[in-house]
Amino acid sequence: MCGIVGYIGQRQAYPILIKGLHRLEYRGYDSAGIALINPAGELGVFKTKGKVADLEALVANRDVSGTVGIGHTRWATHGEPNDANAHPHYSQTKNLALIHNGIIENYAVIKNELKGHGYNFRSETDTEVLVQFIEYVKSSGNLDLFHAVQVALSQVVGAYAIAVIDKNNPDCIVAARKSSPLVIGIGEGEYFLGSDASPIIEYTDQVVYLEDEQVALISRSHGLDVRNLSDVEQTPEVKTLQLSLSQLEKGGYPHFMLKEINEQPDTLVNCISGRIDPAGTDVILSGVINNKEKFLNAKRIIMVACGTSWHAGMIGKYLIEDLCRIPVDVEYASEFRYRNPVLGKGDIVIAISQSGETADTLAAIQEARKAGAFVYGICNAVGSSIARATHSGSYIHVGPEIGVASTKAFTGQVMVLSMLALTLGKLKGTIKKGEYRDLIKDLISIPTKMKQVLLLDPLIDEMSKIFTYAHNFLYLGRGYNYPAAMEGALKLKEISYIHAEGYPAAEMKHGPIALVDAEMPVVVLATADRIYEKTVSNIQEIKARKGKVIAVVTEGDTVASSLADYVIAVPPTNERFTALVTAIPLQLLAYHIAVNKGKDVDQPRNLAKSVTVE
Ligand code: M6R
């Protein structure tokens, strides 16, 4: 939810911190700050409401020298976005400065205690409470910073990734994590810290992912020492990053979102490579094959996810029930974790998450594991917390997604779920041989079809101008088109701030039709499928109320097209995979409307890329 960076070594820390913060800005962007210890031994904190660019302007004429420093880009949880609530936070004596990603749930109790000891507070944040608490533990127990952090964190309830520096010991950074990600990059006599590897990749490809409740002492002179909260030494596993710098840049596109929309034909080729044999006769999703017995004996499958990943899960449900005849429930992870679901051995929980760090999904996994279910992850971020918390799983392999609105991750998730359904359907014998081959053929044709759909961009851009100032939108679809409609509505609302709802087309007449008038644009997914005629009837119902219909149809369509006000035609696709193709015009429509409105497409207000808090 927030982005944290750190550096200690021989170079100037400031340029490394600022570049890192720009890379992490997708995680949160309502305020930004840095703390540095300068050569004179002074600990300076510079922070401001706004983006990293505002921070750069703030420090333009200030002394930002120093070879040890930490930086933060914030997504507010406790206290509104303002200068005081921005991180880093000083301790009472200003000897310590700390940055934090997560939530300290028992901060109010600790704050009261500290007030009793004469501490006062400059901000409304839980983070300031933590740094003051560390200082209190340090001075009252006569401890060094590392041990004070261990003791303080043992008393903290909540989630954290933190980095702390101490004016009186400029030779080290202390970092720790629980339920929020933290990566340490190892260079030659220097160390880097990041919420993910993006601020680190151009300096080193050697990294350590800290585990929950591990505390790291990162010392310029003594190297890296990782221990748990009880001071037991841990052996960090050094991994080599599989990430390139070009994947983190815009590559000539005005926005990451547009780049990521256009990447989809390639990212899906990446996603299926090695999983569908080159002759197109077989799909082998190794995670399913390796856990064959569990999948074959599954009584039911429960998908847990949030947002776009939840929509992908809905498509997964339709696919698995349709092709494998196993009952599937799809749950919002945030509901699942608290509602005492009936769950046990023989159930498979599939957790879907692009970032692999979503707090609710992670907690749902823990609940599922406790209940004895087998947990399978579908993630994009390699080595992420969810990837590590699950028993097994499949990566979607679509590369880093930087735009806050998920695009290529959605199609990657749907692709993996399609391959999962085909692998399992074949194992169970619920798909006929001929149909299996036809479906594979369809699946491998998707990237080519996506390329064709991307050529519609100028048409969709023109169309977007008509709807830029609409106040509401409805998105309708039946069958596989229903979750795709919900995803289209989510894309529009999150980046253009236009209110949009996705509905099953037939459900419209049970309420939402009351909203339809000449001012209401209705996007109807009316591609050729088993229930096309029924969808056409829904279009007629909208037209009878003078609604403006934008129909997404199959090339060659005549009936829906003749009724609709605007038509987007996509290549014919098996209905089971149609969401992979219709996703693109819906993403482009949302994108262009948001650009027309002058909105910040990659970093929409109030959102963050990875929701590591409840
Ligand atoms: O990283 P995850 O897939 O777990 O994230 C889940 C949602 O937060 C995410 O899909 C969110 O809804 C996106 N902003 C949608 O575009």
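Each residue, glycine too, has its Cβ placed from N, Cα and C.
Pulled from TrEMBL, these are the features on record:
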type     : residues : note
ACT_SITE : C2       : active site, nucleophile
ACT_SITE : K609     : active site, for Fru-6P isomerization activity
DOMAIN   : 2-221    : domain 'Glutamine amidotransferase type-2'
DOMAIN   : 291-430  : domain 'SIS'
DOMAIN   : 459-604  : domain 'SIS'
For K609 (active site, for Fru-6P isomerization activity), the number of neighbouring Cβ atoms whose distance to its own Cβ is within 10 Å equals 26
Give me the count of other Cβ atoms within 10 A of the Cβ belonging to C2 (active site, nucleophile). 29
For the domain 'SIS' (459-604), what's the mean pLDDT in this predicted model? 96
For the C-alpha pair, I'd like the distance in angstrom between the residue listed as 'active site, nucleophile' and K609 (active site, for Fru-6P isomerization activity), rounded off. 9
